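Working notes, beginning with the structure itself.
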Amino acid sequence: MSLFDWFANLRKNEPPVQKRQEREIADGLWTKCSVCSAVAYTKDLKNNQFVCLECGHHTRVNSDERIEQLVDKETWQPIGEDIRPTDPLAFSDRKSYSDRLKDYQAKTGLTDAVKTGTGLIEGLPIALGVMDFRFMGGSMGSVVGEKLCRLIETATDQSFPVVIICASGGARMQEGMLSLMQMAKISGALHRHQEHKLLYIPVLTHPTTGGVTASFAMLGDIILAEPKATIGFAGRRVIEQTLREKLPEDFQTSEYLLQHGFVDEIIPRTQLKKILAQLISLHQPISK
Amino acid sequence: MPKTERRNFLLDFEKPLCELEARIQQIRELADENQVDVSEEIAQLEARANVLRQEIFSSLTPAQRLQLARHPRRPSTLDYIQAITEEWIELHGDRGGSDDPALVGGIARLNGKPVVMLGHQKGRDTKDNVARNFGMATPGGYRKALRLMNHANKFGMPIVTFIDTPGAWAGVDAEKLGQGEAIAYNLRQMFSYDVPIITTVIGEGGSGGALGIGVADHLFMFEHSVYTVASPEACAAILWKDAKKSGQAASALKITSRDLKELGLIDRILTEPASGAHSEPLEAAATLKQNLRESIEKLSAMTPEARRKLRYSKFRQMGIFEQGEIS
Ligand SMILES: [Zn+2]
């Protein structure tokens, strides 16, 4: 079977998109799509993994929802949940970093911008990292670096594949060079994982930019992306400023990266679990 | 460097010192013409100049250090390579369709032994800077560096890299050719090498574009160089919503060699000549050479395994966080 047939088959086998039903309107029960303006019953939207039932627009999902979508029920075991950020530089711009951290922690219920743990995906063990854009734009500081390193090291020890769902604006400037060095630190952990001939699949979601793109997002054995995500190294505005010209519409999208050879396939969210499980199963060591 | 030429690139904080130096020169000339002995006065003025120099360069603000790090007369990668090596052959190309003049490299003989040297290359003047793209490398530059580092590893040569860039190039072509992938790949690959790796920040260390050749066993910074996660200008624009706050951002980001030594992110600060590396480039080069020699000797005495372990644990411990139950 060609790769093309393989993906075509998957699409065919995909459960049909649920039809929206007429329901009584109640506050908060309905969600309007920001792209096509279709109004969907929030529960239906959730059942469709927050992909618009009309136009297929992938709205943002938080780390808890993502884990629920990907990991088999009652198999999730978090790693490093008690690791918390500090304010190592006593950084303050218009607001102090400590205050910002407290605000985001209160608002999101998260400690920092990534959740890590192990679990099963259709019965197969994985080490999974899920970045959460709600926490300071998914920016990468010491905690993101440390949690991802521990995740990757656990995977290396236990011979697990690693999957990281990327969503990040890049480095966390409030931690200065400590933040930049996390790029090297995580790449080092991935090097050890790779030396053990273990599988690593990053999944690039909207947006994946800056230091995350220039480190673990681009180091997959296989790299997947969600449709129409923004993926790039330099910010679009920075490039526009240096060149003083408008950029093409599809510049730095998943589709653009696919076209230029930097992602392997674009996978709609509703098929992600299945594809990941299939890829992992294709890389299981052949029993002798 | 002739004093007149230096005046053309004078930074604000260098001015009082330069004026004093000019006055000393003037008095000397006058005295010569009129055959008067002014050696006592000259000695006094020179002592004052020394104190002033000491005062200025020991109390530079981070923003002033950034100016020094970007000084157009600051020695560049090729300047240092030419000053410290016995032999040097530059090699070109990424074997993928490009040769980036903003990131140069080749094989050198240093203290009698072959090494691979590479680094960002800024231009010497405006024209040269345009050709060198101000030291902002493209994916082709990072892939050239990768190819040269693979070469070093194959032939057992130590890798010596020099960081001097405002950042990786942000352009349409760079994105199309995978700027992120090129840097990421280098970061991971540098952990695999058996040979010693020594990186020195010689001027400006800008973000991922700097780190892309900076995963080293020993990481040095020249005293007045800077290393930063984002340029203070960009940081000010994003966090302060005001690009004019770049001085504040430069302080807050902790970008100086002293700050980064305190944070445990660099191994050693290389002392610069009293008025900065650009005032006495050969003196700066001698310091660099001495430190590279010691470092290569020390690292060469280790097994490849031990070096890789050192490199891993060095970066593994970078990061500051809390752990445990909230008390
Ligand atoms: Zn829609």
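Any Cβ shown, glycine's included, is placed from N, Cα and C.
Feature annotations, reproduced from TrEMBL:
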- A:29-288: domain 'CoA carboxyltransferase N-terminal' (DOMAIN)
- A:Cys33, A:Cys36, A:Cys52, A:Cys55: Zn(2+) binding site (BINDING)
- A:33-55: zinc finger (ZN_FING)
A:Cys33 (Zn(2+) binding site) - helix vs strand vs coil (DSSP): coil
Cβ-centroid neighbourhood (8 Å) of the Zn(2+) site, A:Cys33, A:Cys36, A:Cys52, A:Cys55 excluded: A:Ser34, A:Val35, A:Ser37, A:Ala38, A:Leu53, A:Glu54, A:Gly56, A:His57
Greatest C-beta neighbour count within 10 angstroms, which of the binding-site residues A:Cys33, A:Cys36, A:Cys52, A:Cys55: A:Cys52
